[in-house]
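> According to Swiss-Prot, the active site, proton donor annotation covers Glu147. Taken from Swiss-Prot, the feature disulfide bond applies to Cys59-Cys351, Cys223-Cys237, Cys376-Cys387, Cys381-Cys435, Cys437-Cys446. Sequence annotations record features per position, and here Swiss-Prot assigns N-linked glycosylation site to Asn64, Asn115, Asn232, Asn343 based on sequence analysis. Summarising the annotation, Swiss-Prot assigns topological domain 'Cytoplasmic' to 1-11, 477-481 and lists sequence analysis as the type of evidence. According to Swiss-Prot, the topological domain 'Extracellular' annotation covers 33-455. Residues or ranges marked as transmembrane segment in Swiss-Prot (evidence: sequence analysis): 12-32, 456-476.
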Amino acid sequence: MQLLPEGQLRLCVFQPVHLTSGLLILFILKSISSLKPARLPVYQRKPFIAAWNAPTDLCLIKYNLTLNLKVFQMVGSPRLKDRGQNVVIFYANRLGYYPWYTSEGVPINGGLPQNTSLQVHLKKAAQDINYYIPSENFSGLAVIDWEYWRPQWARNWNTKDIYRQKSRTLISDMKENISAADIEYSAKATFEKSAKAFMEETIKLGSKSRPKGLWGYYLYPDCHNYNVYATNYTGSCPEEEVLRNNDLSWLWNSSTALYPAVSIRKSFADSENTLHFSRFRVRESLRISTMTSQDYALPVFVYTQLGYKEEPLLFLSKQDLISTIGESAALGAAGIVVWGDMNLTSSEENCTKVNRFVNSDFGSYIINVTRAAEVCSRHLCKNNGRCVRKTWKAAHYLHLNPASYHIEASEDGEFIVRGRASDTDLAVMAENFLCHCYEGYEGADCREMTEASGPSGLSLSSSSVITLCLLVLAGYQSIQL
């Protein structure tokens with residue numbers, strides 16, 4: 001594709017036309033250049049992957065039962081002793097000296113970030129990263145799970161209020177005759193400064209030491225749309241929470257992936273509220289993914305579970321699989337991560353239940369969605385992008401048409417997909433989805449390679465820019481008439 005010669009671009013934008021039209025052109029060019037390509041997929045150019053992050057290796061250790069996890073492209077156990085995996089989660093006790101308070105109010109590592117040496121923490125964190133991720137060529141998912149406090153003062157409510165209380169006490173003990181307003185101001189400022197430093201410098205350390213890894217914090221960004229019991233619940237993120245997410249630009253700029261979470265309550269099984277809850281959480285993460293200083297949109301991996309939040313062994317219904325995993329894929333996420341705790345492996349019976357579900361309804365649905373995403377990427381985007389809904393609220397999903405495909409489980413535990421997309425299937429995909437091109441590609445079907453990149457990694461063809469200029473100028477002239 002030929003780029004517009006420098007002289008032509010100058011002719012379009014800087015000829016002595018009315019200032020308003022010139023500003024309009026610059027504004028539109030800036031808007032177009034702000035569109036970011038997707039980061040190249042983490043695994044074999046697959047547009048949507050499934051990763052496993054549960055301690056089911058214990059099923060083999062305790063009961064000699066091997067779980068078949070072949071439907072997952074990436075697998076990692078969160079157990080303390082496991083290392084060298086391609087899905088790594090760092091809990092509070094595994095990465096440096098993370099400060100927090102127990103439920104009894106006992107401080108661990110100083111309790112508050114402003115009470116702990118950041119340099120000592122980072123030195124220990126570097127050792128922990130080398131232990132859990134020994135390979136410098138690690139290119140998997142690196143997730144930091146720090147949930148005891150949030151870096152923004154206003155978000156430390158309920159049980160997290162102890163961090164505000166202790167921060168106030170710290171200031172009042174240091175200074176005599178200080179007003180309540182000054183205590184609040186100083187406590188907030190010192191806490192947020194230290195909290196930011198802890199989170200920002202820790203993830204920067206991870207990215208520097210394992211630069212190919214996809215580093216991010218679990219549950220960030222959060223939509224805080226938990227009021228699912230409200231009448232006429234829409235799932236939308238409260239406006240103040242969207243603004244607070246905007247204020248975390250330092251965190252998004254330090255991350256190389258985003259890891260929001262969608263956990264479903266049993267009381268909302270098969271509910272439309274579950275769909276709304278999931279949809280807005282994923283959509284908010286996708287919004288944030290484009291707001292960073294990176295040349296590409298950060299990949300979004302949505303954490304979910306096999307079962308409901310209160311009963312992890314009561315597995316998600318088919319409808320709730322669609323409302324969580326299917327919704328994530330259709331909106332443009334890079335994949336899902338299935339998380340689980342020791343409940344899944346507490347008995348041989350539980351291990352058997354998990355294995356049975358993964359190799360039946362759950363596995364079949366994962367294969368359905370991941371394969372449909374591949375078909376759509378190949379057909380619409382020439383394997384150079386992922387398919388995203390044209391209308392984000394529409395009930396259109398990346399599913400294989402059962403009239404064209406048949407999914408069956410083989411004796412060795414693998415799922416076999418038979419069939420091919422019909423012309424009608426492909427036409428329906430084209431009608432309902434569009435392409436989000438990967439880095440280095442552009443165009444409606446991502447077939448064109450980007451020959452030169454601006455700040456966003458995108459370029460404009462000469463015909464596109466000329467057409468744009470003509471349209472803007474014509475519009476301006478019609479306004480003048």
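Even glycines carry a Cβ here, placed using N, Cα and C.
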> Spatially, and counting Cα to Cα, which of the recorded positions is closest to Cys376 (disulfide bond)? Options: Asn64, Asn343, Cys435, Cys437, Cys446.
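Going through Asn64, Asn343, Cys435, Cys437, Cys446 one by one, the closest to Cys376 (disulfide bond) is Cys435.
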> Listed recorded positions are Cys59, Asn64, Asn115, Glu147, Cys381, Cys387; which of them have CA atoms within 10 A of the CA of Cys437 (disulfide bond)?
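Hits: Cys381, Cys387.
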> In three-state terms from DSSP, label the residue listed as 'active site, proton donor' for me.
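Note: the residue listed as 'active site, proton donor' is coil by DSSP, not helix or strand.
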> Using Cys387 (disulfide bond) as the reference point, find which of the recorded positions Asn64, Cys223, Asn232, Cys381, Cys435 has the shortest Cα-to-Cα distance to it.
Cys435
> Including all protein chains shown, what's the count of other C-beta atoms within 10 A of the C-beta of Asn343 (N-linked glycosylation site)?
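I count 15 other Cβ atoms within 10 Å of it.
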> Mean pLDDT for the topological domain 'Cytoplasmic' (477-481), as a whole number?
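Taking every residue of the topological domain 'Cytoplasmic' (477-481) together, the mean pLDDT is 38.
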> Can you tell me whether DSSP puts Cys237 (disulfide bond) in helix, strand or coil?
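Note: Cys237 (disulfide bond) is coil by DSSP, not helix or strand.
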> Any idea which of the glycosylation sites Asn115, Asn232 has the thinnest Cβ neighbourhood at 10 Å?
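Per-residue Cβ counts within 10 Å for the glycosylation sites Asn115, Asn232 bottom out at Asn232.
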> Expressed to the nearest Å, what is the distance separating Cys237 (disulfide bond) and Cys381 (disulfide bond) at their Cα atoms?
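About 31 Å separate the Cα atoms of these two residues.
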